[in-house]
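Enquirer: One structure coming up, written as structure tokens, with questions to follow.
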């Protein structure tokens, strides 16, 4: 057997570094502390709690043996049984009414969402069409200007060309002026 003195000699356990006690003053600090603790050991799996299932009443009993009424004899234990069954049934009906109301509200919300989406798409299409029209107008004016420069030719005097181009650009400027200004 080994001597008791030899078995009690162990290397000392590594000591944990002391952690400072930090009391979070607000939700942001609390979140920061939780993140720091998670990031100390990134290999460790993070426990993600599952969504709690919504409360639902027990389904009604498939078979009720003794159907008793509220007029059970005074002092009998039957009244309590009736009362509990009635309470559960009312609870179940209230739950079904609440779920029907919730489904109705969800359906209305989805309809409103779809309606808003369609309206937004129509507005976007209208604006896109307007932008495209303005762009085409600018391109057309640019082409007209280039054609006029080509038609003038190098042989004509610059004074006449500049006056005719000034007249042409004046009409073009009137055409180019948009009915609205963007970004104001």
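Placement of Cβ uses the backbone N, Cα and C atoms for every residue, glycine included.
Quick paste of what Swiss-Prot says about this protein:
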COMPBIAS  1-10  compositional bias 'Low complexity'
COMPBIAS  126-143  compositional bias 'Basic residues'
COMPBIAS  159-169  compositional bias 'Low complexity'
REGION    1-50  region 'Interaction with EIF2AK2'
REGION    51-143  region 'Required for RNA-binding'
REGION    126-138  region 'Required for nuclear localization'
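Any idea what these are sitting next to in the structure?
Expert: Per DSSP, the compositional bias 'Basic residues' (126-143) is made up of 18 helix, 0 strand, 0 coil.
The average pLDDT the prediction assigns to the region 'Interaction with EIF2AK2' (1-50) is 82.
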Enquirer: Quick check on the region 'Interaction with EIF2AK2' (1-50): DSSP residue counts for helix, strand, coil, in that order please.
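Expert: Split into helix, strand and coil, the region 'Interaction with EIF2AK2' (1-50) gives 18 helix, 0 strand, 32 coil.
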